[in-house]
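To start, the structure itself, in structure tokens.
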């Protein structure tokens, strides 16, 4: 698991369990249940780097859609509505993607 040493398997499993149904994903709840919101800024940056699949320095909409699958290969993709809401919440500068600082603000408001 790519998040070993940052997040516990049990916390990740619990967070994923609570958003199995379509349109049930809430990023604030997920970050709290997975333990991410209580991690250091460096840990949050490390998680961002894992989520930034193409290493562009940003998490784009397509990467957000597959957000849950970064935590478990068997997790579902986010719905279009969930993806757009997640992007809108995190994209504070309106460029259509989430940078590392925006991600940190999203995780630790």
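Cβ coordinates come from backbone N, Cα and C, glycine included.
Annotation comment: Swiss-Prot describes 39-74 as domain 'EF-hand 1', evidence class sequence analysis. Taken from Swiss-Prot, the feature Ca(2+) 1 binding site applies to 52, 54, 56, 58, 60, 63. Taken from Swiss-Prot, the feature domain 'EF-hand 2' covers 78-109, and the record attributes it to sequence analysis. Residues annotated as Ca(2+) 2 binding site in Swiss-Prot: 91, 93, 95, 97, 102.
Structure with Swiss-Prot features highlighted.
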residue: 52; record: Ca(2+) 1 binding site; Cβ contacts under 8 Å, 6 or more apart: 58, 59, 63
residue: 56; record: Ca(2+) 1 binding site; Cβ contacts under 8 Å, 6 or more apart: 97
residue: 60; record: Ca(2+) 1 binding site; Cβ contacts under 8 Å, 6 or more apart: 54, 96, 97
residue: 91; record: Ca(2+) 2 binding site; Cβ contacts under 8 Å, 6 or more apart: 97, 98, 102
residue: 93; record: Ca(2+) 2 binding site; Cβ contacts under 8 Å, 6 or more apart: 99, 102
residue: 95; record: Ca(2+) 2 binding site; Cβ contacts under 8 Å, 6 or more apart: none
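Residue counts of the domain 'EF-hand 2' (78-109) by helix, strand and coil are 19 helix, 3 strand, 10 coil (DSSP-based).
DSSP assigns residue 54 (Ca(2+) 1 binding site) to coil, not to a helix or a strand. Secondary structure from DSSP puts residue 63 (Ca(2+) 1 binding site) in a helix. The number of other CB atoms found within 10 A of the CB of residue 58 (Ca(2+) 1 binding site), across every protein chain shown, is 18.
Fewest Cβ neighbours within 10 Å among the binding-site residues 54, 63, 102: this applies to 54.
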